Amino acid sequence: MTLLSLHGIRKSFGAVDVLHGVDLSVAAGEVVGLVGDNGAGKSTLMKTITGIYRADSGSIEFDGKDILTLDPGQRRELGIEMIYQDLSLAKQQDVAANIFLGREPTKKLFGLFPGIVDKAEMDRQAAKMIERLGAHLPSINRSVGSFSGGQQQTVAIARALTFNPKLVIMDEPTAALAVREVQSVLDLIRRLRSEGIAVILISHRLNDVLSVTDRIVVLRHGRADADLVTAKTNMNEVVSRIVGGGDTSAAAAHEQRG
Amino acid sequence: MASEMAQPGFWARVQRASVERLHIRLESLVVLLALSAAMAVLSPFFLSLSNFLNILLATSTIGVLAIAATFVIGSGGLDLSLGSVMGLAGVAGAFVAVNLGWPSVFAVIACILAGGLAGYINGQLVTRAFVPAFIVTLGMLGLARGLALVISQGRAIYGLPAAIVYIGQGRPFGIPMPVILLVLTAIVAHCVLAYTRFGRHTLALGDSEGAARAAGIRVEHHRRIIYTLSGALAGLAGLLFTARVNAGDPTAGINYELTAITAAIIGGTNLFGGRASILGTMIGALIMGVLQNGLTLLAVQSYYQQMAIGAVLILAVFIDQYQVRKESRV
């Protein structure tokens, strides 16, 4: 069952064309790797899916609905979450505030004044989510700016998973992590797949992509240049598609070691 | 427990608790108390109920402006037009009441509306025309002041109706009306900023606009509301001032933005947004009030008071930035 389908997505910034008509589809519970050189348009493409950017033309359907004109908040409501490379955290706010940003639960004060943020409920659910991820944070009431990179990553992941998403987009989730933390992110991706949640993984670490995805889409010069089934491809082919042919065995061997 | 109290981390824990639960910085409270103690020692007139009410009365206008500054700065914005918009609003209200002779309630509405409109224009220009807030509100500082002078033809408008004057000079239960209105405004503003989604989004926006946008908060829309709110509060401040001095003075509020922004920053508002509390701002406004009152009692020329306020602003931002650099990895 197709969860997300993009057709002919174009996006340019002024005179610079970034996306030249991208087609991409993701099935429910499928893990798709999105790879490509720097400047291939990966992040731009993802931001047109989350609604941060509005595509110039083309169509985006999610769960059978046309979402092209929806804003980021509305797309989150439908179940699209993204973990940004810069994590997009409000660093002076605490853990719960970040996890529930834009979706704070409210209660009535004295049964009278509506719209009062239910901080206790937020803290409770945030603690539960952090625990479910098997992570340890010094304190849930501390501003996230005081945490380490890995801990901040945990908060960003918790935010993406708290509201039962159908699709989670991860932009370089392992780039800044220690070895053990990388493994836990990969395990998390496998767990999401088993729960029927689709994942789009953007990563330069091709070993990670090959080990965890079902399919690999190569973005090149603003087009989906190749669509490879992970089980039927190898490092050599992926590298060759990224750089656009030629003898790439040396580069592939390097990645393999990497 | 007793041994725990003796640990060096005790002060740090009290500080953290005050920041997290009461949303105030303890240092500002200490400064307020120390400053009051110093003034009490230096002047025999400082410690009296009537002087206390004087300080509150003098703080009421600045206090309302400082609340506006807290919201705007907390959201990562800036409003330099507060004092001018306050002057414009007061003149607009006086014009409606005196020159047009309309009922007092319309004068009250005119004050708030004139302020709100100026703020709305600020918000539109910041979010749609992409002119930096610094420039937009600096321009509005000139525009609003000029318009106030045009409307009033450069002269104060006298002869306000009794109902308006009561707002500024009335003393139900012996408490000046402006003080009551400031306290009510502060309570509402505190609840909005600390406990509602609007308030939390305001701080998140000031903290990281990108994070707020990614979370689905309508960033531009939110900013327009905040600037409009800021203008409307400046309008309320204009009403309080006009009613208190019983005249629509086109030069009212000159340099008040300096004092208001200083009060907000002393109260713990992060100059770059993301952290702010109304309780803290009220302490900041009181510090400014005590400072001005004390210097007046000590017969220090008002020129030096201006200098003191300017120096306090720079000092407050210095201390704040020093702590941010020390504590955080931001």
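From the backbone N, Cα and C atoms, a Cβ is placed for every residue, glycine too.
Features of the protein shown, as given by TrEMBL:
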- B:26-46: transmembrane segment (TRANSMEM)
- B:52-73: transmembrane segment (TRANSMEM)
- B:80-98: transmembrane segment (TRANSMEM)
- B:104-122: transmembrane segment (TRANSMEM)
- B:129-153: transmembrane segment (TRANSMEM)
- B:173-195: transmembrane segment (TRANSMEM)
- B:225-247: transmembrane segment (TRANSMEM)
- B:253-272: transmembrane segment (TRANSMEM)
- B:279-297: transmembrane segment (TRANSMEM)
- B:303-319: transmembrane segment (TRANSMEM)
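Contact between the transmembrane segment (B:52-73) and the transmembrane segment (B:303-319) is not supported, since fewer than 3 Cβ pairs fall under 8 Å when only residues 6 or more apart in sequence are counted. Each of B:26-46, B:129-153, B:225-247, B:253-272, B:279-297 was scored by its Cβ pairs under 8 Å to the transmembrane segment (B:303-319), and the highest score goes to B:253-272.
A contact links the transmembrane segment (B:104-122) to the transmembrane segment (B:225-247), because at least 3 Cβ pairs that are 6 or more residues apart lie under 8 A. Long-range Cβ contacts of the transmembrane segment (B:253-272) within its own chain (Cβ-Cβ under 8 Å, at least 6 residues beyond either end) map to 19, 24-25, 28, 31, 61-63, 65-66, 68-70, 73-74, 76, 79-87, 90, 141, 145, 206, 237-238, 241, 279-285, 287-288, 306, 309-310, 312-313, 316-317, 320-321, 324. Outside the transmembrane segment (B:279-297) by six or more residues, the chain places 22-25, 28-29, 31-32, 35-36, 38-39, 42-43, 45-46, 51, 54-56, 58-59, 62-63, 66-67, 69-70, 186, 190, 259-260, 262-269, 304-305, 308-309, 312 with a CB less than 8 A from a CB of the stretch.
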